[in-house]
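Taken verbatim from Swiss-Prot:
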- Arg93, Lys97, His99, Asp118, Asp119, Val120, Ala121, Thr122, Thr123, Gly124, Ser125, Ser126: 5-phospho-alpha-D-ribose 1-diphosphate binding site (BINDING)
- Thr122, Arg150: orotate binding site (BINDING)
Amino acid sequence: MNSYALDLADVLVEAGAIRFGEFRLSSGSTSPIYIDMRIVPSKPQLFRRVLGMLAEKLNDVREVDVVVGVATAGIIWATGLALLSEKPLAYVRPKRKEHGLQRVVEGIVEGRRVLVVDDVATTGSSLASAVESLREAGAEPVAAMVIVDREQGAVERLADYGVKLYSLATLREIIHAMVVKGYLDPAEATRLINLLYGESL
């Protein structure tokens, strides 16, 4: 079993960052489960714990020069990862500013290999948009990293751009880890997996 998934199960439960019900995602689809990574930085010890996992996972990624956060949720994770890895930081806005220098990409990225960071990947549309903006700014996006991959097309979408997506765990792995840890009843986990992916645990 993915050790990151086991650790994340503890973090998500302790932080109150995993919720069950009916939620509309940024992709427009609905989901019976929601991962709210935005709340984790409010718990410094848990925040540090997840950042440590990301820093360790960075060892799997080919050499990168700059860590780039996707606004807004990805910026705080990219900032922590940049500090731990002692790499420069930049970030990508969802749209161009209408004042000041009117930039989409903030930070020095031209001619540099960059890692794009976000909290959760669903379809990968936000990450793909960031990759496009970074290329327009003269950067070379070589990889992307998220804490949780919901397995709804992000890996494939980024592969179309020649960018590999790394994640600490998939949502499926986290659900399984929650069963192993005793946080979730196996029958409920099977129901969730069936709703999400049309299959059993």
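Cβ atoms here come from the backbone N, Cα and C positions, even for glycine.
Locations of recorded Swiss-Prot features on the structure.
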residue: Arg93; record: 5-phospho-alpha-D-ribose 1-diphosphate binding site; Cβ within 10 Å: 16
residue: Asp119; record: 5-phospho-alpha-D-ribose 1-diphosphate binding site; Cβ within 10 Å: 22
residue: Ala121; record: 5-phospho-alpha-D-ribose 1-diphosphate binding site; Cβ within 10 Å: 28
residue: Thr122; record: orotate binding site; Cβ within 10 Å: 23
residue: Thr123; record: 5-phospho-alpha-D-ribose 1-diphosphate binding site; Cβ within 10 Å: 18
residue: Ser125; record: 5-phospho-alpha-D-ribose 1-diphosphate binding site; Cβ within 10 Å: 15
residue: Arg150; record: orotate binding site; Cβ within 10 Å: 25
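When secondary structure is read from DSSP and collapsed to three states, Ala121 (5-phospho-alpha-D-ribose 1-diphosphate binding site) falls in the strand class. Separating the Cα atoms of Arg93 (5-phospho-alpha-D-ribose 1-diphosphate binding site) and Arg150 (orotate binding site) is a whole-number distance of 23 Å. Put simply, Ala121 is the one of the binding-site residues Asp119, Ala121, Thr123, Ser125 whose Cα lies nearest to the Cα of Arg150 (orotate binding site).
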